[in-house]
Amino acid sequence: MNKNSSNTMALAPTTSNKRETVCIFGTGDFGRALGHKMIQSGYPVVYGSRSTQISNLIPKDAEVLSHAEAAQKAAIIIIAIQRQHYNFLTPLAEVLHGKVLVDISNNLKLNQYPESNAEYLAQLLPGSKVVKAFNTVSAWALQSGTLDASRQVFVCGDDVEAKQMVMDIVRALGLTPLDKGSLLAAQEIENYPLQLFPMWKFPFFLSLGLTAFFFVYCVVLDIVYTYIYENNDFSFFIAITIPNRVCPVMALILLALVYLPGIFAAIIQLYRGTKYRRFPDWLDRWMLCRKQLGLIALAFASLHVVFTLVSPLRAFVRWRTNRGIISQALNNQTEPLDHTNAWLSDSYLALGILGYFLFVLLGITSLPSVSNNVNWREFRFVQSKLGYLALILCTAHTMVYGGTWFLSPSAYKWYLPNIYILSLIIPCAVLVVKFVLVFPCVDKPLTRIRQGWERNPKYSE
Ligand code: NAP
């Protein structure tokens, strides 16, 4: 089939609901994927290419013409070409005059050029209306239809009408346009696909640092100390025992760190007597990555569960159990059941199970697919009320696990407290301050401040 001629009629809209022809410059991966999607959505597509040769890869029903010919057929032209080739557009300035040019390009590095690609295009072709869009959608997602994760299309441009036309196309493709304002926003939009888990950096490095610290701490107290003073080689503790000590400690501390910034925010608002002053930057950034901190905490808690479940399979644990049984047999004496100990062990396990259940619930409700389906009050109920309940249960789990051990000198090797004691400091501090904050004499003014009341209105200026 000759694509150059067969669709000429289709390109001329005859009815009002017929979609307008869209021109795409470039028959590369993205140009083809977008063209395919547009044809599916009812848009006649014409390609502008260096070669008008027909290829099997080009969507059926699309025309392929020279750039100048193709541009004349449409009011909107999508530039599916890398920025470094934009120079070839300059001789086409006349034919592109007044047309809407959609810049979809990305760079290889953050802030690679002094100006965004879209602004560069606008400088090259001042007579055209440049709109930035589609750069955060991948050709693969367009082609495979797996657009769930990237349904949002950021759009920006200086010409409101042109931007509206592009947003209409975005909607027609089943995507959600998000107006980011003028073309000045293009640099930020172009940087989005290049960012590497921006919200995860602080939680990741914090977790890494704390894990390394607690791991070394345990190695020193559980392996080095035992080797020096008891001449026992427990170096194999590195594989399971120590990770199973570090994981719950990390889970508990990180969960407490999810709620600590909220406590700081409340104290700052109470102190200032207004909510209309910005929090310090560090607190803003901390608040923004609470979800990530919570998810890492959940990962540590899950590892703790798995490490605990494999415990009975461990040679060391079986050896210790057998030694207890044999010593009772040799002494011909059965140790009576210690009811206090039985209560403590069942209680700390039950608290751990309940705490972990709530932990998982928090993790599930933080997933966009779930959080999008609950209203604000439900979300806050789960993340705040149930979150604090999870923190209380996990803190109680650790306290009951430790029991009165913190009173025993064996909990302080080299005068250093056992790791479980360290893990309780931040959660206990958070819970105590939160307890104070819910007292009516503190809660009432805080609620009023959060509703807009100001103790001293000069702060709102
Ligand atoms: P590509 O497969 O390399 O295609 C680029 C097309 O540009 C070529 O097929 C060619 O089309 C045209 N071209 C190449 N050199 C040219 C030159 N010197 N002069 C004029 N035209 C030239 O690249 P792509 O993956 O489709 O990406 C195209 C643009 O979309 C890039 O700016 C990229 O950043 C952006 N983008 C891509 C994706 C993706 O998933 N691939 C996602 C978002 C944004 P003709 O042979 O037809 O002339």
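Here the Cβ of each residue, glycine as well, is placed from N, Cα and C on the backbone.
Since this is a predicted model, take the numbers as computed values, not measurements.
According to TrEMBL, the feature domain 'Pyrroline-5-carboxylate reductase catalytic N-terminal' maps to 21-107. Residues annotated as transmembrane segment in TrEMBL: 204-229, 249-271, 292-313, 347-365, 386-407, 419-442. Under the heading domain 'Ferric oxidoreductase', TrEMBL lists 249-394.
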Checklist outcome for this item: Stretch winning on C-beta pairs under 8 A with the transmembrane segment (292-313) (pool: 204-229, 249-271, 347-365, 386-407, 419-442) is 249-271
Item to check | Averaged pLDDT score, the domain 'Ferric oxidoreductase' (249-394) | outcome: 92
Checklist entry - Near the transmembrane segment (347-365), which same-chain residues lie under 8 Å Cβ to Cβ, leaving out any that are not at least 6 residues past its ends? => result 251, 255, 294-295, 297-298, 301, 305, 371, 374, 379, 382-383, 386-387, 389-390, 393-394, 396-397, 400-401
Checklist entry - Looking only at residues six or more beyond either end of the transmembrane segment (204-229), which have a C-beta under 8 A from one in the stretch? => result 197, 235, 237-238, 241-243, 245-246, 249-250, 253-254, 257, 292-293, 296, 300, 413-414, 416, 418-419, 422
